[in-house]
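Asker: I am attaching a structure below and will ask some questions about it afterwards.
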Amino acid sequence: MEDIVQEQLRFGKPVKDSANTSIFEHAGRAFAATENHLPYEIDINNLSTLGPYNINGSWDQPFTSHPKKICGSGELVTMGTSTEKPHYVLGVISSDRERLLHKVIHDIGVTARFIQNDMGGISRIGVMPRFGDADSIIWFDVENHCSYHLFNCFEDGNEVVVRGCRTLDSVISSARHDDDKSKCYGRAFLPPDKNSEGFDPSVDGTLFSRPYEWRLNLKSGTTKEGYLTDEKVAMDFPVINEDFVGVKNKYGYAQVVDSVATSKIGLFKYKRIAKVHFDKQDKENKQLKSVEYHVLQEKTFCSGVQFVAKENGIDEDDGWIITYVHDELANVSQVYIIDAKRFAEEPVVKITLPQRVPYGLHGNFFYK
């Protein structure tokens, strides 16, 4: 929220309503979304814009790029943030997309009964019944951080478990970065080395993103938290099998940052894809989770990673990882389809595209 306010103060107006952040499906319709505006419905057959989606006039707030669909009910949970009051609005949309079932004042997580809300610069996590109100929120203080993207949230006994990708600072541009962008956006992407000469904890490694877990005990009010993966590997844009949203799951997938290439240009580049085994310990460090990697060819980078479950699949990882890739040496864009069970092996399919697909943000897959 702080960064959004600063952008408005610096430039006199909010950013454009370009629906360029993510795409999602609800009730058989496709929508393109950004954080500061209503989503736009698009015709999946020809990609034409059909118009903004305001839930038949009942939603007049910005709309998150990460709405979450509830397993079983098909309801869609969304939120909107604004510099004007009300600053934060949360809603539950009916499974047929026609009605706003509930409304109360970059990412939310849902469990079967609760919603997790990260309040930006204030490092607290709020747990709220799905059809609750502001007074029903239970707040948990956590270590200072920034977290844009979540793997999943679920209930485990008295605990609500939140898993996401965590950094120490926000990647969104703000006034503090203006003096020396090469310093902030260069060293910040590299893994922090506290023993290096000139180490600056306010800069070095502050944008180095790693999978993290918070365990929020609803009975005692206490919190347990910690990193899940190796300190030398940065990951972001996590996805899971969406049939497991809000319930305990075994696997998470994420794009692995090429920290060196990223630090040189100040923009994220992703050289590998990771499969995190949440129920399996790392062989060398029992405090961490086991991770498999799918490694791309030299000077080839990916974006828009998505998990697509097999129809009638049995196991959680019965499915494919689909992603755009671009070979910068050959100047060729392709779609890779990777068997999630044989994750480290070569893709089962590589589809060469007729033109370049620029590096993007979130991807999705729709069955037509």
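Please read every residue number as a count from 1 along the shown chain.
Cβ from N, Cα, C; glycine included.
TrEMBL: automatically predicted annotations, no manual curation.
What you are looking at is a predicted structure, and each value in this text was computed from that prediction instead of being measured.
Annotations for this protein, taken from TrEMBL, read as follows:
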BINDING   His66, His106, His149, His362  Fe cation binding site
Asker: Looking only at Cβ atoms, how many others are within 10 Å of the one on His66 (Fe cation binding site)?
Answerer: 20
Asker: At a 10 Å cut-off from the C-beta of His149 (Fe cation binding site), count the other C-beta atoms across all protein chains.
Answerer: 20
Asker: Should His149 (Fe cation binding site) be counted as helix, strand, or coil on the basis of DSSP?
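Answerer: Assignment for His149 (Fe cation binding site) reads strand.
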Asker: Sequence gap of 6 or more, Cβ distance under 8 Å: name the residues on the same chain that satisfy this around His362 (Fe cation binding site), in order along the sequence.
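Answerer: His362 (Fe cation binding site) has long-range Cβ partners Thr21, Ser22, Ile23, Ser65, His66, Phe237, Gly304.
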